[in-house]
Ligand SMILES: NC(=O)c1ccc[n+]([C@@H]2O[C@H](COP(=O)([O-])OP(=O)(O)OC[C@H]3O[C@@H](n4cnc5c(N)ncnc54)[C@H](O)[C@@H]3O)[C@@H](O)[C@H]2O)c1
């Protein structure tokens with residue numbers, strides 16, 4: 001399956017290829033966008049161990065490959081690790097005309113994108129995403145970032161890859177925890193824009209069912225994101241719909257010291273906001289129960305008694321998206337339809353009570 005992502009007011013585009021066993025044809029796909037020889041591949045230790053040699057053997061006939069391997073997980077999205085990446089790019093003598101590949105989950109993707117956008121004032125890069133979050137979400141849209149001690153994703157840039165190459169077979173080795181994290185995001189896409197995706201998700205009864213439909217699901221999610229980012233590249237309008245569940249979810253993640261998984265926190269965020277917006281009258285009655293049912297279908301935990309309104313509020317008020325004493329909340333009209341509601345901060349309690 002293919003998708004073209006148009007950027008910069010339709011003057012440029014990059015291609016997304018979604019296919020199982022794509023790793024065998026990577027050289028051909030890379031050749032479509034890169035005529036040089038040298039490639040630096042940024043990845044983490046888990047991916048390197050699982051797929052490093054496979055990637056190298058797929059590419060070594062046509063390219064000269066150097067790996068930059070970082071520790072897995074969010075703690076690697078830092079300025080320190082970025083500096084390590086710059087040092088490696090310099091050690092490998094990577095020039096402006098060379099290529100960088102982001103080979104891993106969202107952490108590798110965000111960090112690589114930022115390194116590529118800044119090293120030598122910008123080097124082309126390609127995304128080869130391997131986690132469910134990366135394949136359905138972070139690989140397109142061009143948001144790159146590292147975290148600062150002051151907060152998540154606070155330093156970054158908009159910098160688009162030259163191509164996105166998605167081999168869904170990589171997902172077979174993903175842990176159940178990270179599959180659930182990805183499912184949280186996929187459920188979000190269905191809720192904000194796609195009732196038929198929601199129905200597909202309700203019919204998935206096993207991991208085998210999920211993997212049978214996975215190419216279609218990845219394609220659907222990226223098609224939804226494509227629509228939103230093409231109309232709002234810099235995240236000032238419709239792209240904000242992608243934040244459904246995330247304002248409360250990020251607050252929960254932070255105040256739990258990142259002990260509550262991202263997927264769980266976002267799921268709780270989607271439920272809390274929907275429970276309240278249904279009570280206030282913005283959301284069709286029954287939507288909250290449907291959302292609970294789809295989360296149950298994927299065994300995603302959401303005991304709302306575990307969450308504390310005051311803690312959520314404290315973190316929401318310190319959020320960078322919270323401008324001029326108003327906050328943009330994403331609400332569902334019903335499953336498959338969403339909208340942005342600008343709410344004064346003094347009314348926030350009504351929307352965030354678990
Ligand atoms: N740029 C964007 O638009 C955007 C969008 C959503 C999320 N994000 C970012 O993405 C990050 C979260 O993404 P993530 O969950 O992929 O994080 P991650 O990169 O830390 O990956 C999660 C874990 O899964 C492992 N993993 C990845 N692929 C695997 C595979 N095929 N087999 C086995 N293990 C595998 C990784 O080694 C890691 O331990 C966050 O930093 C978030 O801010 C960015």
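Glycine is no exception: its Cβ is also placed from the backbone N, Cα and C atoms.
Any TrEMBL annotation is an automated prediction that lacks curation.
Noted in TrEMBL for the protein shown:
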| type | residues | note |
| --- | --- | --- |
| DOMAIN | 68-180 | domain '3-dehydroquinate synthase N-terminal' |
| BINDING | 106, 107, 108, 109, 110, 130, 131, 143, 152, 170, 171, 172, 173 | NAD(+) binding site |
| DOMAIN | 182-322 | domain '3-dehydroquinate synthase C-terminal' |
| BINDING | 185, 246, 262 | Zn(2+) binding site |
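Comparing local CB density within 10 A for the binding-site residues 131, 173, the maximum falls on 131. When the Cα atoms are compared, residue 173 (NAD(+) binding site) and residue 262 (Zn(2+) binding site) turn out to be 19 Å apart. In this structure, residue 262 (Zn(2+) binding site) is part of a helix by DSSP. Residues belonging to the domain '3-dehydroquinate synthase N-terminal' (68-180) score a mean pLDDT of 96 in the model.
A Cβ distance below 6 Å to any atom of ligand 1 is met, among the binding-site residues 106, 185, 246, by 106. For residue 185 (Zn(2+) binding site), applying a Cβ distance below 8 Å and a minimum sequence separation of six or more within one chain yields 132, 133, 136, 137, 221, 263, 266. Summary for the binding-site residues 108, 171: the Cβ-based neighbour count within 10 Å is maximal at 108.
Excluding the listed site residues 185, 246, 262, the same chain places 133, 181, 184, 188, 245, 249, 263, 265, 266 with Cβ atoms within 8 Å of the centre of the Zn(2+) site Cβ atoms.
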